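Enquirer: Straight from TrEMBL, here's the annotation block:
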- A:20-441: domain 'DUF112' (DOMAIN)
- A:20-39: transmembrane segment (TRANSMEM)
- A:45-69: transmembrane segment (TRANSMEM)
- A:109-135: transmembrane segment (TRANSMEM)
- A:147-163: transmembrane segment (TRANSMEM)
- A:170-186: transmembrane segment (TRANSMEM)
- A:206-224: transmembrane segment (TRANSMEM)
- A:312-336: transmembrane segment (TRANSMEM)
- A:357-383: transmembrane segment (TRANSMEM)
- A:395-420: transmembrane segment (TRANSMEM)
- A:469-490: transmembrane segment (TRANSMEM)
Amino acid sequence: MDAIAGLSMGFANALSLSNLGWALLGCFLGTAIGVLPGLGPALTIALLLPITFSVSATGAFILFCGIFYGAMYGGSTTSILLNTPGESGSIITALEGAKMARNGRAGPALATSAIGSFVAGTVGTLGIAFLGPVIVELALKLGPAEYFSLMVLCFVTVSAVLGGSALRGLTSLFFGLLLGLVGIDLQTGQPRLTFGVPELLDGVNVVLVAVALFAVGETLYLAWRHVEGKAEVLPVGRIMMSRSDWKRSFWPWIRGAGLGFPFGVMPAGGTEMPTMLSYYAERKLAPPEAQKEFGTTGAIEGVAGPEAANNAAAAGVLVPMLTLGLPTSATAAIMLSAFQSYGIQPGPMLFTTQGELVWTLIASLFIANVMLVVLNLPLVGLWARILKIPQPQLYAGILIFATIGTYGISNSVVDLVLLYGIGIIAMFMRRFDFPVAPVVIGMILGPMAEQAMRQALTISQGDWSTFVTRPASLVILLVAVAALLGPKLYGAWLRRMAG
Amino acid sequence: MSLHRRNLFTAALGLSAAGMMGSPAWAQQRFANIYMFVPAGPGGGWDGLGRAIEQVARGAGLVGNFQFENVGGAGGMVGLPRFASQRRGRADSLMVGGSVMVGAGITNKSPMTIKDVVPIARMTEEIGVVVVPSSSEFQNMGQLLQALRTNPGAVAVGGGSAGGTDHITLGLILKALGRNPREASYVAFAGGGPAQAAIIGGQVKAGISGYSEFAEQIKAGRMRALATTGERRSDPNVPTLKESGVDVVTSNWRGVFGAPGINASQRQALTDLMTAIHALPAWKQTLETRGWDDAFLAGAPFAEYLNRDITSTEEVLRDLGLAT
Amino acid sequence: MTKARPDRADLGAGLAVLGLGGVAVWQALAIPTSPLYAQVGPKLVPWLVAAGLLVLGALLTAAALRGGWSADIPEIAEAPPPNPRSLALLLAGLLANLVLIGPLGFTLAATVQFTLVAAAFGSRAYLRNAVIAFVVALGAYTLFVKLLGVNIGAGLVEGLVFGTPE
């Protein structure tokens with residue numbers, strides 16, 4: 001069956017009343033859990049798994065995919081409004097998004113993220129339908145050596161978030177690397193930096209750290225510098241995107257989606273790397289007047305790009321699951337077990353044996369995407385109104401919210417101590433102008449880079465040249481060098497031409 | 001408030017039911033309330049077993065109500081001490097656990113281990129499988145074993161985290177071959193997906209993991225199964241490790257445990273409950289839909305099995321340098 | 001540019017980073033040598049990170065001794081003066097949550113925390129804040145327990161509403 005015929009059959013099935021109902025329920029639930037930090041789509045789907053006993057396979061998967069896509073939308077909402085990312089893919093969104101919200105541009109930030117998610121979700125779903133199987137074959141050629149080179153590329157691009165001072169930015173990055181080391185070493189089973197606390201053996205959760213650094217740290221700092229009697233009300237500003245907002249968002253959406261999808265398809269790709277690379281790219285490509293907004297009043301490009309990258313990557317994750325039966329994220333692993341509980345084995349044969357189910361699923365992804373943007377755009381005004389809550393109740397509420405996300409899942413006071421402890425550190429970091437974003441980035445990239453490097457070296461029996469003798473790895477490293485030196489050489493060349 | 005009263009009501013019902021114990025009817029309620037402790041986050045394998053037990057037992061009316069608590073971390077070593085101290089002597093408490101907990105207790109040098117809780121029953125297990133990429137030069141287990149015997153360092157094997165079931169299996173194989181388990185070139189991956197991708201993509205020479213993880217790849221011909229790790233063949237076409245010439249049997253089992261300090265009759269009541277659940281057709285159905293292998297073993301035989309498992313795990317982890 | 005007077009506060013920050021490097025060294029020393037066959041063991045990266053932190057800490061300390069950086073940053077120089085009362089109230093709120101969430105449960109701990117944090121930001125409507133917090137927290141608890149079956153810390157209030165877990 002070719003893709004067009006498959007899709008039209010899928011749409012015919014998906015547009016039935018009950019399937020639309022499942023999609024709507026999924027979108028709603030997904031948005032709700034995406035909003036809460038700590039509650040991800042993987043956990044929600046796992047807890048809803050028992051419904052596979054009473055609901056048809058098609059209905060259940062439409063629901064699950066709605067939750068999956070919805071969570072990506074919801075995660076960015078709190079990133080922008082409350083500076084509390086709901087999941088790791090929307091941490092980068094918080095960088096510019098929260099600054100825009102603080103400067104009366106919450107509406108456009110939410111709108112560009114919703115429309116960007118829609119654009120990227122659509123691009124990603126088209127990718128699943130038409131390109132998926134091809135890309136996944138290519139992605140399988142990447143081994144630990146290539147992944148390590150990709151991390152190097154990401155580390156190079158981190159300079160975009162290092163802030164004004166390289167010294168303080170690097171210190172933040174190293175603090176993040178240190179936090180990333182906590183826990184049992186995957187390759188040798190040795191505990192590292194755990195101070196003998198058993199709760200630390202599994203490492204520190206990156207979403208917890210992001211919430212601590214962004215939300216708890218900011219709340220503490222504001223209280224520390226609180227002026228009695230001065231009630232600060234944040235401006236809500238205009239809700240709609242202006243003409244220039246549209247113009248400035250368009251290419252970042254496209255670039256973000258193009259960057260995100262292949263990363264999602266990669267077995268060890270994930271949503272974090274493409275959001276970082278997109279942020280870097282948009283920051284470098286933005287016109288000079290927009291570049292001034294990065295890190296100060298918030299640039300819309302810095303929301304549009306990473307948000308699109310996040311959603312396209314999320315769609316990409318479904319490709320190896322559907323075509324190879326390879327679960328590359330926690331959510332995909334849970335969905336795979338749901339397939340199995342229906343006696344369906346995803347894999348190369350799925351498109352032939354379960355063609356109807358797969359195409360209905362893909363059609364439902366399109367429908368869920370439309371539903372989400374239709375649901376979310378009118379809500380932008382309502383969400384932005386959250387900022388009108390008076391400061392005392394707003395910040396008190398944010399802290400409760402952070403507690404739910406942290407304590408709710410783990411039932412561990414140690415996690416709360418970490419949340420508040422890192423929050424206090426973040427307060428001092430703000431006082432001394434240390435940027436907080438590099439901490440999170442070091443924490444995400446550090447462990448991935450270290451493990452990939454050691455996996456590659458074990459495979460090559462200790463031969464370090466593996467990183468440059470494997471062609472794909474070499475190419476990525478050369479791109480990294482170009483990203484590092486390119487802008488400088490270009491600048492020097494420009495000066496030379498001018499002088 | 002009304003909910004509260006209803007709970008009291010069911011509790012009273014439960015008491016009277018307990019008084020009539022001994023009648024053979026399955027539908028007889030044995031416990032008004034069971035507190036189910038899961039030493040892992042919601043959504044994982046242990047959580048799945050706990051919630052499956054709930055579903056079956058409640059559906060059959062064996063247990064009135066279940067109360068869940070999840071405390072995850074460090075292979076169960078964060079939750080276990082909490083269960084052991086907070087539920088001491090409580091006859092209505094169960095904890096989910098399994099072979100992962102045996103290893104985690106040893107490698108993490110926990111002050112409290114699986115020995116500090118009361119074994120009730122082993123419920124399920126998963127057999128491991130040794131695979132190679134379909135393009136591999138190894139056609140059968142014998143060839144792979146030969147390569148491992150000559151130079152283990154040159155055969156990179158992928159699997160789950162260091163010190164876990166997959167790593168232990170490889171260690172036992174090397175030991176049986178007369179090599180030091182520490183010579184293994186073991187590449188640990190964080191999850192099933194990346195490990196499978198590395199094997200299919202030929203990044204590593206071989207892989208070890210639970211059979212269900214690789215089943216689809218084997219069926220699709222992207223991986224070749226060389227041997228399974230069970231006592232008997234679980235796939236008629238694939239020999240066991242024993243048949244291939246190494247005396248190694250491993251499995252990843254899951255079961256339930258009681259709180260420390262319960263007396264013999266309380267322990268027997270919990271064992272009877274699990275035996276009753278296991279006998280239900282609904283449990284068979286659950287095993288089938290979830291793809292779990294039945295490994296029911298209760299009471300004293302399970303306790304003996306557990307002791308043997310602890311001893312052999314300790315030994316290989318010591319050989320690997322992961323235990324002192 | 002060079003200022004003779006060291007900046008005390010910045011010096012503290014530099015020394016704190018040096019201290020963090022020290023902690024990293026201490027913990028790197030504590031990692032047991034892995035006997036496993038591995039080309040790069042578990043210690044290399046921790047040592048690199050520790051060394052990086054020590055170097056950065058030293059550079060920051062040196063910068064502080066030469067006058068520091070805080071004075072040059074308008075955002076810091078123009079920030080309002082510290083408000084110890086607000087900060088203390090907020091920290092008390094965090095501490096209250098840590099201490100109370102175990103024995104009293106999520107709802108009551110959250111109520112106390114919310115009231116203290118709102119007070120830190122100058123809200124004196126204690127009773128109203130407490131009522132808002134109580135309703136919101138209990139609502140969130142209900143959502144988690146009833147919809148998802150995830151227990152987020154039951155205690156007194158939760159027991160009264162949903163029946164005691166015992």
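Note that Cβ sites are derived from N, Cα and C of the backbone, with glycine treated the same way.
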Enquirer: Do any residues of this chain, six or more beyond the ends of the transmembrane segment (A:206-224), have a C-beta under 8 angstroms from a C-beta of it, and if so which?
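Expert: Result: 37-38, 82-88, 91, 94, 98, 179, 391, 395, 398-399, 402, 405-406, 415, 418-427, 429-431, 436, 439-440, 443-444.
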Enquirer: Should anything in the same chain at least six residues away from the transmembrane segment (A:147-163) have a Cβ under 8 Å from its Cβ atoms, list it; otherwise answer none.
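Expert: Counting only partners 6 or more residues beyond its ends, the transmembrane segment (A:147-163) has Cβ contacts under 8 Å with 95, 169-170, 172-173, 268, 273, 276-277, 279-281, 283-284, 295, 433, 435, 437-438, 441-442, 445, 448-449, 452-453, 456, 467, 472-474, 476-477, 479-480, 483-484.
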Enquirer: Do any residues of this chain, six or more beyond the ends of the transmembrane segment (A:312-336), have a C-beta under 8 angstroms from a C-beta of it, and if so which?
Expert: 40-42, 45-46, 49, 61, 64-65, 68-69, 72, 89, 120-121, 123-125, 127-128, 132-133, 135-136, 139, 256-271, 274-275, 345-348, 350-351, 358, 361, 365
Enquirer: What residues in the same chain, six or more past the boundaries of the transmembrane segment (A:109-135), come closer than 8 Å to it by Cβ-Cβ distance?
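Expert: Same-chain residues near the transmembrane segment (A:109-135) but 6 or more away: 3, 6-7, 69, 72-73, 76-77, 80-81, 93, 96-97, 100-101, 239-241, 245, 249, 252-254, 256-258, 260-262, 264-265, 298, 300, 303-305, 307-316, 318-319, 322-323, 362, 365-366, 369-370, 372-373, 376-377, 380, 383-384.
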Enquirer: Of the listed stretches (A:45-69, A:170-186, A:469-490), which one yields the highest count of Cβ-Cβ distances below 8 Å with the transmembrane segment (A:357-383)?
Expert: A:45-69
Enquirer: Quick test of the contact rule: Cβ under 8 Å, at least six residues beyond the ends. What residues does that give for the transmembrane segment (A:469-490)?
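Expert: Here the qualifying positions are 141-143, 145-146, 148-150, 152-153, 156-157, 280, 284.
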